[in-house]
Amino acid sequence: MATQETDDSLISTDVQTDATERGDQPDETVVETKHLDVHYGDEQALDDVSIDIPENKVTALIGPSGCGKSTFLRCINRMNDQIDACRVDGKVVFKGKNVYDDDVDPVALRRKIGQVFQTPNPFPKSIRENVVYGLEVQGEPASDEDVERALRGAALWDEVNNQLDSSGLDLSGGQQQRLCIARAIAPDPEVILMDEPTSALDPVAASKIEDLIDELVEDYTVIIVTHNMQQAARISDKTAVFLTGGNLVEFDDTTNIFENPEDDRVEDYITGKFG
């Protein structure tokens, strides 16, 4: 289990985490949002979202298109900084530190909170260079052991270990997405954000990613946006339901969300009455 760090941990200090068995220990919060509002110009994308994300669990974010799921995800590692006219109010607290404080380095933050996107986006570089990018951007040397560790962690090593100098673009779509996961875990983050990571993949490749997520959560916290409610029910421990207007309407154990939701709107969404 990760130990508590001082407030300057997001600026320069590396953090080690120990794998924990899912469900064996009480939930520890790794990311907390407090009254989080997001606007794109005059349009509000998130409205007063407060939530505690548990460590070493899979948390799924579900809801209809345009409800703020991806916006919420991008707030956690400040990817919204790259969007013009985006204004973030409230707090996103990671290990006791508001990530929007002026002294937080977004690049250092993204080393600790990695991200995998909807469409596989390997760089037009070799498999090896894709993996080590996350380390080299921090000015750190990358060893062959680092490459192997990340590729094994992404369940890709056995498929590519004889072609590390080949282009990552030559891989299949599912392999490219696992390469992107390897790139995300190479810097040894604590949290991995996934924005619909299987939506562009065929069912077989998507199933491999789901199996991989189940393995990753032994060492990392995973927060995943998905439109596939069956996927959310299969792979997640917690589920947050967002609805139109950027409102978080319910957050609970996934079993409770899908079998006994408290909010009628959540039941209507899950049963397909709207969405």
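Going from the start of the chain as shown, residues are counted 1 onward.
Using N, Cα and C of the backbone, Cβ positions are placed for all residues, glycine too.
Look at Swiss-Prot and you will find 1-26 tagged as region 'Disordered'.
Here Swiss-Prot flags 9-18 as compositional bias 'Polar residues'.
The annotation domain 'ABC transporter' is assigned in Swiss-Prot to 31-270.
Marked as ATP binding site by Swiss-Prot: GLY63, PRO64, SER65, GLY66, CYS67, GLY68, LYS69, SER70. Secondary structure from DSSP puts LYS69 (ATP binding site) in a helix.
Taking the Cβ of SER70 (ATP binding site) as reference, residues of its chain lying under 8 Å away and at least six apart in sequence are, in sequence order, ASP195, VAL225. Around GLY66 (ATP binding site), a 10 Å sphere centred on its CB holds 13 further CB atoms from the protein chains shown. Other Cβ atoms within 10 Å of the Cβ of PRO64 (ATP binding site) number 14 in total over all chains.
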